[in-house]
Ligand code: NAD
Ligand code: NA
């Protein structure tokens, strides 16, 4: 079939298998070009099909020749209906990993559930024995708690008071004023339950209970801080409360891993275009200004550049360069004073009329479509494509 983007608000309903494969190939090529990383050899990535998790899987496999197991929640294609991008990405990743002689298997299902944890435990027992590195990169709006069966929903709200600021509809370029009502009821607790550290710890407990972590095993989860303009809705908001919890959990897990000399870290990454960040008001305007400024300064990075740098310079580079709170910081370039000062200036003057000039609105929009395999350089979108692609290890 011929597949075209079909958007509804902040989501795209279709995705393109050839474009997704090209995205994966481009990331593989980038990692290979950067050279070998003396890193972990047996890697479990939870949230492995898109964004930072996919970049982590690619960097482990093609940077360190690692065997990888990927866990994610994606929709396979059916006749006439494209699958989700993460499904196509993983099919492409496995194909290229296998061609390179690398072990790669995938488990598609709810990572929050006991069943999926059990499946992963069994797969590790059968195939890899022990794991050296666990990347925890889930981003989900909901979590069904494995003990109670209760479904929790996370929300993106400020805490305490209404937050008003500018935002942009990146499809139209329209800049407007938006007000977001503060969290109420159980909003904060629910968001912490979904995006906090409880599930990360459950994964590590499940692995450790079965002796599936190697001596000195490491685990890393991803976090975000960001600038003052987004603070009320991000870091000081409900999602920030969840990130605080995630960051605290790193200390607990490190404690749990003492007997094997293991360590848990949080890496604070830079703001990138993802489905999730597109849905948070104010953030898209910030990102479009951020991209403009960072591109002008030649320090722009996408997921793969971020994770390749995290691995080669921090995790396996001999210097974690932790901040005062014990976190790895690869948002260091985003948070640079000169970068933030320029954005703060641009922020004040940003309007519908000037945003395409002072901000990288086009870059934002292109990145958004790229998430779904569209607008990828080198792909012929007029060509007939087979939408039903299978993940090799699932056949
Ligand atoms: P993403 O949406 O691209 O990836 C999320 C992954 O989680 C996907 O592989 C998806 O399949 C998987 N997933 C979601 N729910 C699942 C479930 N129930 N079971 C199994 N898999 C599930 O997200 P991302 O932007 O790469 O974010 C990953 C982490 O990085 C998050 O913790 C996020 O907060 C953090 N982070 C994001 C940004 C950003 O700007 N996007 C910046 C810094 C940190
Ligand atoms: Na991810």
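Backbone N, Cα and C define each Cβ position, glycine as well.
Per TrEMBL, the features are as follows:
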ACT_SITE  234  active site, proton donor
BINDING   47, 48, 49, 50, 51, 52, 110, 111, 138, 139, 243, 272, 273, 274  NAD(+) binding site
BINDING   224  substrate binding site
DOMAIN    2-79  domain 'Trans-2-enoyl-CoA reductase-like NAD(P)H binding'
DOMAIN    81-316  domain 'Trans-2-enoyl-CoA reductase catalytic'
DOMAIN    322-385  domain 'Enoyl reductase FAD binding'
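Overlay of TrEMBL feature records on the structure.
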residue : record                 : contacts (Cβ under 8 Å, 6+ apart)
47      : NAD(+) binding site    : 53, 71, 72, 111, 135, 136, 137, 138, 139
49      : NAD(+) binding site    : 70, 72, 74, 85, 86, 87, 89, 90
51      : NAD(+) binding site    : 137, 139, 272, 274, 303
110     : NAD(+) binding site    : 73, 116, 144
224     : substrate binding site : 234, 235, 243, 268, 269, 271, 331
273     : NAD(+) binding site    : 284, 287, 364, 367, 368, 371
### Query
Near ligand 2, which of the binding-site residues 49, 110, 138, 224, 243 are found, taking a Cβ distance under 6 A to any of its atoms?
none
### Query
Across the domain 'Enoyl reductase FAD binding' (322-385), what does the pLDDT come to on average, as a whole number?
97
### Query
In the domain 'Enoyl reductase FAD binding' (322-385), how many residues does DSSP call helix, how many strand, and how many coil?
27 helix, 2 strand, 35 coil
### Task
Please state how far apart, in Å and to a whole number, the two most distant Cα atoms are among 47, 48, 49, 50, 51, 52, 110, 111, 138, 139, 243, 272, 273, 274, the recorded NAD(+)-binding residues.
24
### Summary
Hits among 51, 138, 224, 243, 273, i.e. binding-site residues with CB under 6 Å from ligand 1, come out as 51, 138, 224
